[in-house]
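Trainee: What TrEMBL records for this protein is below:
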- C101, C104, H105, M224: heme c binding site (BINDING)
- 88-240: domain 'Cytochrome c' (DOMAIN)
- 40-64: transmembrane segment (TRANSMEM)
Amino acid sequence: MAAIVGRASREALLKVSGNVQPQNARNLSFQNMSKGKKMALGALGTMTAGGIGFAVALNTAVLASDFVVHPPKFPWSFKGLLSAYDRDSMRRGFEVYKQVCAACHSLEYIRYRELVGVIFSKDEAKAQAAEATYVDGPNDKGEMFERPGKLTDVMPKPYPNPEAAKAANNGALPPDLTFITRARHGGPDYIYALLTGYKEAPAGVNLGEGQHYNPYFPGGAISMAQALYNEIIEYQDGTPATQSQLAKDVVTFLAWCAEPEGDTRKRYFIK
């Protein structure tokens, strides 16, 4: 038995020694190389690593050919557990929507009564609704008729149907804005950047008829023309209507439209 164990131990030792010797030989072989050969091997390794890095960079460049500029983060008043919607900004934002955005975009899921106690008193909301005209009916004679808006009405649509909307906008359908800050990646940051990001198209960018360049829009070519300019409207509260202020206010209002219960949820969470 001892002989068997001893023979097995010698065989195992020989196998280990056989494996170690070639490795040692390789190490000694590299150490015994001339300085020139060592430099050549080092250069070859560097070239190999560089080639791999170049291939990765080239692949990344190809993937980035259809790039989209990501919007910066903005310090919105309504972000954060202890924050709330800026009601003054929301009221101004409604003015921007009404005087600028409503020409093409609807707010299909917002009724005038929802603005009561938020940015308007009941009488103010009634007055806002009455400025719009709605087709209603039929009456006792079976005829449709026009009437002023009331608190239970949704915001008026700018077009009677999607086909009319496309025909008026170079084939593009303007989206409803009720949930736009939640429906777009980047949320309020993206909408703000898009509204303020119009630029001259750089060399090499070809725009189709009726298209405009905006680096924040996927592909850069957008059918919607720039809508906000300095002093395009006059705020009732006297706030300077710069482009950035207009964009901030309308985005704040649209963020509330998408989450009108946001402040209430925060209050319940804190309690």
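Any Cβ shown, glycine's included, is placed from N, Cα and C.
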Trainee: Given that the record lists C101, C104, H105, M224 as binding heme c, what is the largest C-alpha to C-alpha distance among them, in Å?
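Mentor: Max span of the heme c binding residues, Cα based, is 11 Å.
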Trainee: Residues with Cβ closer than 8 Å to the Cβ of H105 (heme c binding site), same chain and 6+ apart in sequence?
Mentor: Y97, P158, P174, P175, D176, L177
Trainee: Enter the number of other CB atoms within 10 angstroms of the CB of C101 (heme c binding site).
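Mentor: There are 21 of them.
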Trainee: Across the domain 'Cytochrome c' (88-240), what does the mean pLDDT come to, as a whole number?
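Mentor: Looking only at the domain 'Cytochrome c' (88-240), pLDDT averages out to 96.
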Trainee: When you average the Cβ positions of C101, C104, H105, M224 for the heme c site, which other residues in that chain have a Cβ within 8 Å of that mean position?
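Mentor: Here the nearby residues are V100, A102, A103, P158, P174, L177, A227.
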Trainee: Under a three-state reduction of DSSP output, how is H105 (heme c binding site) classified: helix, strand, or coil?
Mentor: coil
